[in-house]
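Down below is the structure, laid out as structure tokens.
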Amino acid sequence: MPIPVGNTKNDFAALQAKLDADAAEIEKWWSDSRWSKTKRNYSARDIAVRRGTFPPIEYPSSVMARKLFKVLEKHHNEGTVSKTFGALDPVQISQMAKYLDTIYISGWQCSSTASTSNEPGPDLADYPMDTVPNKVEHLFKAQLFHDRKQLEARSKAKSQEELDEMGAPIDYLTPIVADADAGHGGLTAVFKLTKMFIERGAAGIHMEDQTSTNKKCGHMAGRCVIPVQEHVNRLVTIRMCADIMHSDLIVVARTDSEAATLISSTIDTRDHYFIVGATNPNIEPFAEVLNDAIMSGASGQELADIEQKWCRDAGLKLFHEAVIDEIERSALSNKQELIKKFTSKVGPLTETSHREAKKLAKEILGHEIFFDWELPRVREGLYRYRGGTQCSIMRARAFAPYADLVWMESNYPDFQQAKEFAEGVKEKFPDQWLAYNLSPSFNWPKAMSVDEQHTFIQRLGDLGYIWQFITLAGLHTNALAVHNFSRDFAKDGMKAYAQNVQQREMDDGVDVLKHQKWSGAEYIDGLLKLAQGGVSATAAMGTGVTEDQFKENGVKK
């Protein structure tokens, strides 16, 4: 028998029976094809013992996660793309639902428009950690409301003909994928953040491999990544939290390593190939040189000049570059063969440790070369790092077993780079789902022709990028619309609103034209009447409501 909720009976056999039964249910859940590509570093019983005695709850977000999985699976099977953009508010999601099959919630947009501290700022993830989960709840509740409102309205049809007159229903329950930044702290913070997202309606979340303390927008300079395993631990924590909560949460692993210039630690051998070192043994540590200059009163520009000079004098290189340069300077006769011997064993995807690379270099050269990655460390204690597409491939391969989709943040909408990344990931994981940020930080008119813009999404889709999104389109379309209307209103008064807004709403059949109805006034009137025996003298949509003026404008009711 199951142990009662909040059980106080000290029965060992009953406890073991409950845990065995719960573990069996979890194993049955995990046997579904949904999890065929998912790796877990723990057992079903490990999850069972951490669930408590309360019966498992099916969170609405888990229903939406299963829906999202089916949406993405269909796109994968058909070679099509789920495309969406960052939504700001309930108005936007109610309109997006007519045409798009997913919704994105951007941390950047929340940082500038929806921080729970009400303090706007750039995308540094320094807002309270409940900011994006709160926006998810805001928009998810709006989705549920519009879904309820629509069903109640359609229930009034007395025949198939009347239902046909209403048109096809809108699927307002569009799965939401939200920005989890870099986790807002250590693994316990990642766990709590994931829990908030699940509780508040997110079908999926993405998390990047930047440090949480130095997190930057994916299109800012100075990005610092964490070691590969540290981000794997984050992804494992996300899935563990979802498993404990019996959630099918979709997990997107993002890497910012393509343009990363710093890394927090040298502990993971998979990162060693990309860590920058000094090759000049006579150079002083950079942090000491900079600190001395600061103490002597150097200005900002002087400090920048000092850093540039130090970097030139230090002979900064990756270790394999230093080895190749040393081979080419040597008197060895078969230089190209020796270089090939070294690079065949020390490459961006070989995961060779620095210790092993040094040993091989000594075997080839007959002596050790000077290379020190401690000397160039910056004042914050971070190591210099040179990422790139191959670095992103290495990391995406490491993240893939723990995530449903992988995503490389990039600085340009470069199709060839996207192709290189996709092929590099799929060489090891052929069925891996990919995501792509169609960022408004890119100068699209400068990057490609109009015809290329038109086909870009599907060309990426052909490479396996099944989920693509414009992170800040909600922000930019909002700004553009209000900019234009404010300008025209200042000049033309009510003509600007009547002709450029209201008339266009009529022409395009935008349901917000009847904003009282859109907001659910009729639905709420129905609730009031239901509560009061069928009548309400204070019904909002009764005689006298100004929205009656729109009855003859030809817009669908």
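Cβ coordinates come from backbone N, Cα and C, glycine included.
The active site, proton acceptor annotation in Swiss-Prot covers C217 and is backed by a curator's inference.
The substrate binding site annotation in Swiss-Prot covers S106, G107, W108, G218, H219, R254, N437, L438, S439, P440, S441, T471, and the record cites similarity to another entry as its basis.
Marked as Mg(2+) binding site by Swiss-Prot on the basis of similarity to another entry: D179. Remark: D179 (Mg(2+) binding site) has Y104, I105, S106, G107, W108, C110, V132, I205, H206 as non-local neighbours, by Cβ distance under 8 Å and separation of at least 6 in sequence.
Following the DSSP three-state reduction, the secondary structure of T53 (phosphothreonine) is coil. Feature annotation from Swiss-Prot assigns phosphothreonine to T53.
For the recorded site, S441 (substrate binding site), the DSSP three-state label reads coil. Across the fold, the C-alpha of S441 (substrate binding site) and the C-alpha of T53 (phosphothreonine) stand 48 Å from each other. The DSSP secondary structure for D179 (Mg(2+) binding site) is strand. If you count neighbouring Cβ atoms within 10 Å for each of the recorded positions T53, S106, N437, S441, the highest count belongs to S106. For W108 (substrate binding site), the count of additional Cβ atoms within 10 Å of its Cβ stands at 23 [all protein chains shown]. Each residue contributes its Cα atom, and for T53 (phosphothreonine) and N437 (substrate binding site) these two points are 42 Å apart.
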